[in-house]
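Inspection log for the structure reproduced underneath, given as structure tokens.
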Amino acid sequence: MRPSKRAANELRPLSFTTQFTRYAEGSVLVTLGNTKVICNASIVEGVPRFLKNSEQGWLTAEYGMLPRSTHSRMDREASRGKQGGRTVEIQRLIGRSLRAALDLKLLGPYTITIDCDVIQADGGTRTAAINGSCIAMIEALRHLQRKGILQTDPLKHKVAAVSVGIYKGVPVLDLDYAEDSNAHTDMNVVMTDNDAFIEIQGTAEGDAFHAKELDALINLARHGIKQIIEKQQEALS
């Protein structure tokens, strides 16, 4: 029995609140069970120096957790003077995942910056951030289209992410903190809306896992991501 009493293939309650903040071109509050993340997409004209004269746009992401998003307060990374390795890893994952959704040539000389701020963490913050950021990014692209800046939509695919793992010997979907901290295997999967993989991150925390278990986890992830993409579409319609 899972701590949340969910079935093995059951997602936590998931919702997206669009236009959550006033000023960003795209803004979403994603709620995944007790995990809550604000995802804002901002657009500026210009691209990083390494893309000068490349005739393509760029997307980058930043990720952070509020000091009391967890059970006990943690210092802001700014007060420590540097980002932690986990933060850097997650924001790179978000950026890679969303760039895979875009034709950057069609974006033109613009940079989209995604800001993900975790306001409450109960496992799955990186996957929730990707799911909310995809919607915020699409809202930002629609903003450019309404202004007549983009003539062709650069969006190739929606993207979504979910965690899977082996908890008490059973493959389960969408781990919360209680499960994640006790899982034998933990995996994050990012996919497109045409059933293609962007990233698979998997680690055995105790016993090694076998190909049969890997297949079960991948199938669980595909099942969950299909539902998440349906929720994204509902939020955007």
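Cβ coordinates come from backbone N, Cα and C, glycine included.
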G124, T125, R126 bind phosphate per Swiss-Prot; candidate in R76, R80, R86, R99 listed for that same site | R86
Max Cα-Cα distance in Å among R86, G124, T125, R126, the residues listed as binding phosphate?
-> 13
If you rank the binding-site residues R86, R126 by how many other Cβ atoms lie within 10 Å of their Cβ, the lowest count goes to R86
Who sits close to G124 (phosphate binding site): which same-chain residues at least 6 apart have their Cβ under 8 Å from its Cβ?
-> R12, L32, G33, T35, V162, S163, D174, L175, D176, D180
